Amino acid sequence: MSRASTPVIDPVELTRDLIRIPSVTPADEGAMGVLERHLTALGFHCRRLAFEGPGGEGVHARIENLYARRGTASPNLCFAGHTDVVPTGPSEQWSSQPFTAEVKDGVLYGRGAVDMKGGIAAWVAAVSQVIAEGEPEGSLSFLITGDEEGPALHGTKRVVETLAAEGEVIDACVVGEPSSSQHLGDMIKVGRRGSLNTWITVTGKQGHVAYPERAANPAPVIARLMSRLNDHVLDDGYEGFPPSNLEITTIDIGNPATNIIPAEAKARLNIRFNPSHTGDGLIDWLNREAGAIQGETGLQITLDHLCSGEAFLTEPGVFVAAVQDAVEAVAGRRPEASTTGGTSDARFIRALCPVLELGLVGQTMHQIDERVPTAELETLTAVYRRVIETVFERL
Ligand SMILES: [Zn+2]
């Protein structure tokens, strides 16, 4: 690939091209193909990784993913993102149609503008500029999924498993999620709390309230268990994270009668946890507590758990500092390294390498009139370019 033949890509036009494809999760509609064509022209070796299986609500899904790499030298700096978008909501409430990618007064409207077709386009544009300057001192790669906004079962998780099994080395990864809070570059995300949901069922025996000896009431048993779980202090926090928190989200018996002891009581809880815990460790604790109450009361207690992501933290170090320095040099502000927010695909990538999130201002993500000033796409491109250069200098 000679330098003269590689195109320099306009981030605004590429964002618009991507927005015009209605890739509402899990549909691809050709979004991955647009990226693949651009990356191939830039000298990337592109691999489509399609995975299928039960998706949201058990409906069979086939998900398009892409891993593209340019060069074999190390370090290998990866950009991760997703081409799928959330549904538009009522399109008549939009100022312009969500998939026409209209620019009005310097602002680009459309579903995916900030989350995160704009971020993908900016990194592609930055890469095209870096390559136009000369051969980079390392490899560049893209890990793009079409399954981030949905159940995320056949996307980044499976691509990461495939790459790990093949021994592919990625040295650092930037996820292009809209991490900025108020102004471009004011925040990067360097970790996330983990999340565990637990469903609890206490089984008793129905009977007349006047004859409690003939029944077994699950209501006081679930009350005792929930109270004990709620009173337990999980930890005092972890470097950069608030204390882990257990929240009881519902307690249900739904007994309409005044003279019946109910047969069953259900409850549900969510734990947002910092890196002082693992999902399995918390599940063991919950099972032990339930087992103890079951022993005390004789009523059967069953628990079902779903850990949707482990907590992680990318420790301060060369990579995080390089990104912070690059952002500060271009955007004029040093980003706060934050661990706030929900989960992202960074939770899967952490198994491969240090990972952080850096992208546009997230204010309008998932909303009606999702939008981005075109000037911000240009600035993000300059930020990303500087990130690539700085990481290649220091890693
Ligand atoms: Zn996103």
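Every residue, even glycine, has its Cβ placed from backbone N, Cα and C.
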Asp115, Glu177 bind Zn(2+) 1 per TrEMBL; candidate in His60, His82, His232 listed for that same site: His82
Site-mate of Asp115, His366 for Zn(2+) 2 in TrEMBL, selected among Glu149, Glu328, Glu336: Glu149
Cβ-Cβ neighbours of Asp84 (active site) (radius 10 Å): 27
Fewest other C-beta atoms within 10 angstroms, as judged across His82, His366, which are the binding-site residues: His366
Annotated recorded positions Asp84, Asp115, His366, filtered by Cβ under 6 Å to ligand 1: Asp115
Euclidean distance between Cα atoms of Glu148 (active site, proton acceptor) and Glu177 (Zn(2+) 1 binding site), Å: 11
Sorted by sequence, non-Asp115, Glu149, His366 residues with Cβ within 8 Å of centre, Zn(2+) 2: Val85, Val86, Gly112, Met116, Met365
